[in-house]
């Protein structure tokens, strides 16, 4: 989930941009649009491994009729996934001809690979599995298991398609609140968990039987169960054949062919129009940032008036360090709020956004230039003095030199805010150290928005084989729970036929392949729970700042614009089992299951 848009990562390979270790030479990355731009002619320079593009303008108040590509007051757009617009023919190329391995190559099914992509519904009872093999994995005809040297006893498959799915509960908020998976009663969860346990237990006969059954039932064009079965089956196959990174590159290449700025923009806008998944975090974070600035301005003004000798100066500039993956779609609502809620002169807003890229690219720079120009025009329309800068950073976010970003422009008159929307999970290593480095910036407020899932797995060399297998089953089950909820929300929010929905679902497929088949050191799917992030923030010296009633009302008003099933829940009850630390902030819940966490923190 690697989330939809990495602030311009139109390509799937953002999965590898946040890998815990650099990809080997045989796993090249492709960078996507993410450059910088505004209205004035751009100047660029290089510092370390960052590329800067800076644009600014003074306070204009003309009524330009050029609008930013934002719709409505939800604030969102772009969520955690990667976007590309794909036509059915292109999708067949992505998941069809080049990947006909499920039935034809390894499972001796009577079906063709074309049937795998059919949209037929699941049968009311389980299909009859193929006859079990008489010997071990060395038997011919199933080379998939030959290298594993498995021994497998006779196993009867008896699955209850009417019961609850055997998905382990999350150790985070979902578990703490007793939330059940949204896919309760669905057949895919039970079959997939049985298969994951068989893979972890090296029971190759059961794996073969279950994968055959899943292959007969799965379809990327069916209902939620069929789609989940299709994506997780592809991930399991890639894991068993140790072809995860290669499969991921193939899927990314297919999606890249159909990716463009316009298609990604359309997907982002449609996603925020039909789902509060990203607007929820945007509205909550913007409210916390604005209130923090207004409080600082009011306190500074009061101190200045009470003592003529006071050195306290109310801030007149707001500088935001934006570590997010939302194509800057968060900021139009903040610009509008600054223009309408500031009692005195409208403050100057500066945004420095960090764009993670595998390598500097002209395409990335062009896209960010376009985004900057649109933001600039919208700021002029709102009458807000504004400057925008993008920093293209290659490598792990933990390696970013925050001191070199020059965030203190304006000195004492500037208030600094740090915005982390689906960004902290992109830190592959040294997460505690990175959060501590944010504390050293002495910001007025830090906003953290992350998806609620416990997908962090231990490194293979840091655990015993048994622990690694147990961790795989745990992460698999948690991933199944999380992606089931996400897919279910898409199913009920989008029309049946939608290019934007197809794009989001294909991104889910890539995220699942990454999670299931790639080594932990290379996977970009490293989400943690709210309680875990809260523990890190407290350890770094931050204290939670509760959302005000005004912000909570704004969020509730936002949710009322969407279909039933969405709600906001207090995150105070969620705890980290390992440390006993309570979370803070609020959850966006889909059918009572927490899926997105938003919080605000102060030094």
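Placed from the backbone N, Cα and C atoms, the Cβ positions cover glycine too.
What Swiss-Prot records for 31-44, 108-125 is compositional bias 'Low complexity'. Swiss-Prot lists 45-58 with the feature compositional bias 'Basic residues'. The domain 'GRAS' annotation in Swiss-Prot covers 179-602, and the record cites sequence analysis as its basis. The annotation region 'Disordered' is assigned in Swiss-Prot to 11-58, 106-140. As annotated by Swiss-Prot, region 'Leucine repeat I (LRI)' applies to 186-249, with the evidence given as sequence analysis. Sequence annotations record features per position, and here Swiss-Prot assigns region 'VHIID' to 268-354 based on sequence analysis. Feature annotation from Swiss-Prot assigns region 'Leucine repeat II (LRII)' to 370-406; the stated evidence is sequence analysis. Residues annotated as region 'PFYRE' in Swiss-Prot: 416-514. Swiss-Prot lists 517-602 with the feature region 'SAW'. The motif 'VHIID' annotation in Swiss-Prot covers 318-322.
Regional average pLDDT for the region 'Leucine repeat I (LRI)' (186-249) in the model is 94. Helix, strand and coil residue tallies for the region 'Leucine repeat II (LRII)' (370-406), in that order: 20 helix, 9 strand, 8 coil [DSSP]. Secondary structure by DSSP for the region 'Leucine repeat I (LRI)' (186-249): 51 helix, 0 strand, 13 coil.
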